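J.: Feature list, courtesy of TrEMBL:
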- 48-445: domain 'Major facilitator superfamily (MFS) profile' (DOMAIN)
- 86-108: transmembrane segment (TRANSMEM)
- 114-133: transmembrane segment (TRANSMEM)
- 140-160: transmembrane segment (TRANSMEM)
- 208-230: transmembrane segment (TRANSMEM)
- 257-278: transmembrane segment (TRANSMEM)
- 330-352: transmembrane segment (TRANSMEM)
- 358-379: transmembrane segment (TRANSMEM)
- 391-410: transmembrane segment (TRANSMEM)
- 422-448: transmembrane segment (TRANSMEM)
Amino acid sequence: MSVTKADRTKINDINDQLDTTLPSETESMDENEAQDSVLANAPWQYKMIALIAVNTLSIGAHFSVSSLSAMKSQIKSNLHIDNTKYGVISSSVYTVNTIFTIFGGMFIDYFGSIWGTLAANLVVVIGALLAGLAAQYNSYGLMVAGRLIFGLGAGLIVTMQESILSKWFRNHNLAIAMGMELSISRLSSFLGTLTANPIAVRTGNWVWAFWLSLIMCCFSFLTNIIYVLVVRRLHTDTQPQQSVTFSKPKKKFDWRCVLRFPMIYWQILLIEFIYTAVWTSFLSISTEFVQIHFGSDAVLAGYNASASQTVPIIATPLIGILMDLYGGRVTVLLLSSVFLILSTVLLGWTYVNAVVGMVFYSISLAFGPVSMITSIGMVLPGDYMGTGMGLYKSSSNIGVAILDIVIGVVQDHTKNQAYTGVMILFLVVACIGFFLIILLWAIQYLFLDNLLETGRKRRIALMQERSQAEIELRNQGLDTYQEPIDNCSCTNMTYVEHGERQPIVVPETLTPLTPELHQRLQTNRLANDDILITIAGYDDRYELYNWIAFIKAAQETRFLIFCTDQALYQHLALAGYEEQAIVTERSAAAVLQQLVYLDLNPLMLDIHQLMLQPRTLEYLSTMIHVRWDTQLIAAHDGKSKVHGGLIYLMRDSYPVKRLMALAVQIQAEDPELVLDKVFYQALNQFPIDTKAGFVLLLDTVHFMDGENYFERGLSSSVEIEPFMVYVNHKVGRERIEILKKYDMWLVDEEYVEQLDVQINTTLDEIKLTE
């Protein structure tokens, strides 16, 4: 017996839509910007444009900072200021970001990455304009104000770049994207140092160096607009069927947890505080230093100083790849320190060609930052990564702001305003950092099992242990740095014994939802708080697409698929079902338990439970609400056993919570048990009066199993078309063949195979990246 002719027409229409769906389609956009998952799974054409556009967002900021450093002599002579006042100008860019970068994430949360970057780049343009006007009218006060405003936007835009790239490339190629971002940033600084003085000489007006910086900042603003258009176009191409109107739950942040960050994090922060101050401060005086110490003119000095920016342009992404393969992060940082000390000695106390010392400095600049940033990512838990990076950036800005002013004071108090005292200061600070790095190596060896030095294979194993510990804490509603609860009274759970074979632990609350799961549930829940769900893995993909076709033919457009592996999630995303899919590591019973605690009425269907009639879910919903005692509806095998092909639970019901708690316990003890057997065992442990009161078993005529429908022809004999058929009497190819025989196999297998090829390619890329 097959479905009716009218339903067959609807099914064919749905199947046609499945056949013509482009593999690159996605389904959800937020009102302000693309959802993170949409960006991560966007077509490669969008990603390439976004990569180029995002990597140019800070070109103007980096170019402007380095060009000002190259113009130190002209700035002092034209504004009639000393080195101390120049230090104020230089440090003003960083002063405003000593604290503000910590709150940069909040800024992005409120304004979004689109409007946030536009606002930040607009501030950069305004600051660059004011600096140019200050140079035009020789105004020291306006110059400081302009650089303060400029610094506010520049600090934010760099932080936002990393956040945006993480969203677009979080699934794969993130290391390459971040490496390109660092390389382009260094290239921008290199060009700023290289071109500032030649522009001033060629035009005969030193102010043109500032106008060129303004032009570069405007260029970054224009590429920012291109990025906005790319995301908006992605929005147009992936319009959702339903808009999300619910806000995401916010994680409660405890600032006291920052004080419990591990000691090694603070040591990395101290080393970064020292070396970033030296690196950045030296860049701000490098051109004038070459002029004074080596007797070069401004243009030649600018060329020599620009050598300090060359190595990171090429080396940074390569070093990242090598460290990922072989480890040695502290060793690389130690080499950075050695090259910085050698560079300082060569430049300060010899007259070897300045390019040699600058290249040594450039090697130090390439090695140091990437080793420290990646180390922080390994010693802090994911819950606090944003805070840790914000503190990292803040400490670097504080160090630069302080050292810039100190350098000006030292130079002003040195005979003939030479750089002898400044270079001694650099050397002393660099040597202090060298000994701190040796101490860092010892601490990570003793307390982190040599985590920062170990190679890829062992490092992955160690990080998995740490990640598993974090997951276990999250499952308890805790995070890594919350205070443990001593002498817990355990008021959040109840032990119930009503004649069951084992005590039932019934939690009063469960672990909070992830923002992604919260969004998926809000998108797919129905008006009466029902939600249609299923659980499947990659090996079930053909049967799953058949299930989807029947669900949509029955006019159910909202459903949620819990994927037991990443491969199926990627497959569904390519097929256009990303907003109906989410990855889960929970068992089927645990998934149902969580939904019950969320005040939802979950209807879990097996992927072999095919919905043949429209309004089936409405019919089940009426049945569970029409009788007060009914809190669970289940299908059965026509004899005595409940099978798990259909389980419909009443929300916020204590008996249901007890049943789900017991089901979770049973499945935890024997993970191989399928949901049918889990519920059968759980219900058998309940007292008979409880089972009779709240469980409703569906009739086998309207909710048939496969044997009755296909083998016995029950539907034909009673002339009733069932609401559902559970194709549970066959497995594997035999099940598919019986469905094809009855014209109930609605899958375009060739289309699924095309998706398989793309998924396998993606998984291979991920394995190579790992």
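Placed from the backbone N, Cα and C atoms, the Cβ positions cover glycine too.
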J.: I'm a bit unsure how to read this: which one of 114-133, 208-230, 257-278, 330-352, 422-448 has the highest number of Cβ pairs shorter than 8 Å with the transmembrane segment (391-410)?
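T.: When the Cβ pairs under 8 Å are tallied, 257-278 comes out ahead.
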J.: Among 114-133, 208-230, 358-379, 422-448, which stretch has the highest count of C-beta pairs below 8 Å with the transmembrane segment (330-352)?
T.: 358-379
J.: Taking a Cβ cut-off under 8 Å, which residues six or more beyond the ends of the transmembrane segment (257-278) line up next to it in the same chain?
T.: 333, 336-337, 340, 368-369, 372, 375-376, 379-380, 384, 387-388, 391-392, 395-396, 398-400, 402-403, 426, 429-430, 432-433, 436-437, 439-440, 443-444, 447-448, 479, 481-482
J.: Are there residues at least 6 beyond the ends of the transmembrane segment (208-230) whose Cβ is under 8 Å from a Cβ of it, and what are they?
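T.: Distant Cβ neighbours of the transmembrane segment (208-230) are 46, 49-50, 52-54, 56-61, 63-64, 67-68, 70-71, 74, 114, 117-118, 121-122, 124-125, 128-129, 131-132, 135-136, 157, 188, 192, 195-197, 199-200.
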J.: Same chain only, please: residues at least 6 beyond the ends of the transmembrane segment (358-379) with a C-beta under 8 Å from a C-beta of the stretch. Say none if there are none.
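T.: For the transmembrane segment (358-379), the list is 182, 186, 262, 264-265, 268, 271-272, 275-276, 279, 282, 286, 304-305, 307-312, 315-316, 319-320, 323, 329-330, 332-333, 335-337, 339-340, 342-343, 346-347, 385, 388-389, 392, 448, 451-452, 459, 463.
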